[in-house]
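S.K.: Below you will find the structure I want to go over with you.
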Amino acid sequence: MILKLAIVGCGAIAEQGHLPGAMHSSEVAVTLLVDKQHERTKKLSEQFNVANTSDQLADVLKFADAAVVATPPGSHNSITCQLLEMGIPVLLEKPIALTAAECQEMVDFANKTKVLLAAGMTRRLFRSDLLLRDLIKDELLGDLISFSIENGYDYAWPSASNFILSKEQAGGGVLMGLGSHVLDSLIWMLGDPVAHEYWCDAEGGIESECRVDLEMQCGAKGSVELSRSRNLENRFLFEFEKGRLVAPFYGDNITLSLTSGALVLKGRSVPMSNPEAQVQSMAEIMAEELDDFAHAIRTGEPPMATAADAMRSIRLIEQCYSSPKLFNFPWMAAIGGGK
C-alpha cells in the first residue's frame with residue numbers, strides 16, 4: 001500500500017529533493033502540499049501533479065498518512081509536535097532544531113505519543129559514506145590517526161525565503177546549515193567527540209566561515225572546515241596507521257593508498273548487486289530516504305536516522321556556538337582594528 005505523504009514547507013529542498021524523490025519512489029505518493037505562500041503550493045502542485053494544497057496544518061489529517069517537515073528550523077518544534085499530537089509520523093529535515101533542548105522536547109513528545117519521528121540525514125545513504133564507515137569499523141588500515149573534512153562553496157542554493165540569513169530562524173550560519181550534515185556523518189562514523197575548539201568569522205551576525213577542531217573517542221584528532229563564501233576541496237580525508245582514504249563530498253569515488261607506497265587504489269563505491277550503477281542522483285537518494293521512512297512506519301523498525309540520532313550533532317553545534325573563537329584577520333590590524 002502506497003503511503004500518502006504531506007510535505008509541510010514548500011521551499012527549495014521540497015522542490016529539488018522531496019518531490020522529485022517521491023516521483024522515484026514506489027512506496028510513497030505526495031498527496032498534499034502545505035505552505036503559507038499560496039504561489040509556492042500552486043506552482044509545485046502543478047509541476048509535480050499534487051492533488052491538494054493548503055495553508056492549514058490540520059489538513060494533513062484529511063489528505064495524508066505521514067508528513068515531511070521542511071520549514072525553516074526555527075518552526076520545526078511547534079509544527080512537529082502538532083503533527084505528532086495528531087498521530088502523524090514525521091520525517092524532519094535537517095537541522096532538526098535550533099538547540100538540543102528543542103530536540104529533546106520533540107523526542108520526548110514522540111515517545112509520549114508513540115508516533116514515529118525520523119530525521120532527514122541523507123548522507124547516511126551516500127555509498128561513499130557507507131563504505132568509509134565500514135572501512136573505519138573493520139580497521140582495514142589499522143587505527144585511525146587523524147582526519148580532515150572540507151565542505152564549502154560559493155553559496156548559491158535557491159532558497160525560497162531569506163530565513164537562511166536569520167539567526168532566529170536558521171539557528172546560525174554555515175555551522176548549522178552544513179555542519180548539521182557533516183558533523184552527523186562524522187559522529188555516525190566515529191562516535192561523539194571528547195574535546196572540541198570552534199573558530200569562525202562571525203562578529204555579531206551569522207558565520208560564513210568556520211572550523212571545528214576535534215578529538216574523538218578513538219583518539220583520532222582532526223578538523224572540519226566549512227564555508228559559504230569560497231570553494232573548498234569538498235572531501236573526507238582519513239589518515240590511518242597503514243594508509244589513507246580520500247572520498248569526495250559529492251560523488252562515490254574513493255582513493256585508498258598504503259603508507260608504504262606499495263599500492264594506490266582508485267575506484268567507485270558501487271553496490272555488489274549492481275556493479276554498473278551510476279552515481280546517485282539527489283532524487284534517488286531522497287527516494288531511498290522516503291522508502292526507509294515508509295518502511296519504518298509499516299514495520300515499526302527504526303528508521304535510518306532518528307531524531308535522537310540527529311540530536312548528537314545539534315548538541316555539538318550548540319556547544320561550539322557557546323564558546324566561539326574569532327579567526328585571525330591580519331588586515332584588521334593593518335587598519336587599526338586590532339584583530
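Each Cβ is built from the backbone N, Cα and C atoms, and glycine gets one as well.
Automated prediction, rather than curation, is the source of TrEMBL annotations.
Keep in mind it's a predicted model, so treat the numbers as computed, not measured.
Features from TrEMBL:
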type: DOMAIN; residues: 4-120; note: domain 'Gfo/Idh/MocA-like oxidoreductase N-terminal'
type: DOMAIN; residues: 132-245; note: domain 'GFO/IDH/MocA-like oxidoreductase'
S.K.: Helix, strand, coil residue numbers for the domain 'Gfo/Idh/MocA-like oxidoreductase N-terminal' (4-120) per DSSP?
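M.R.: So the domain 'Gfo/Idh/MocA-like oxidoreductase N-terminal' (4-120) is made up of 58 helix, 27 strand, 32 coil.
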S.K.: In the predicted model, what is the mean pLDDT computed over the domain 'Gfo/Idh/MocA-like oxidoreductase N-terminal' (4-120)?
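M.R.: Taking every residue of the domain 'Gfo/Idh/MocA-like oxidoreductase N-terminal' (4-120) together, the mean pLDDT is 98.
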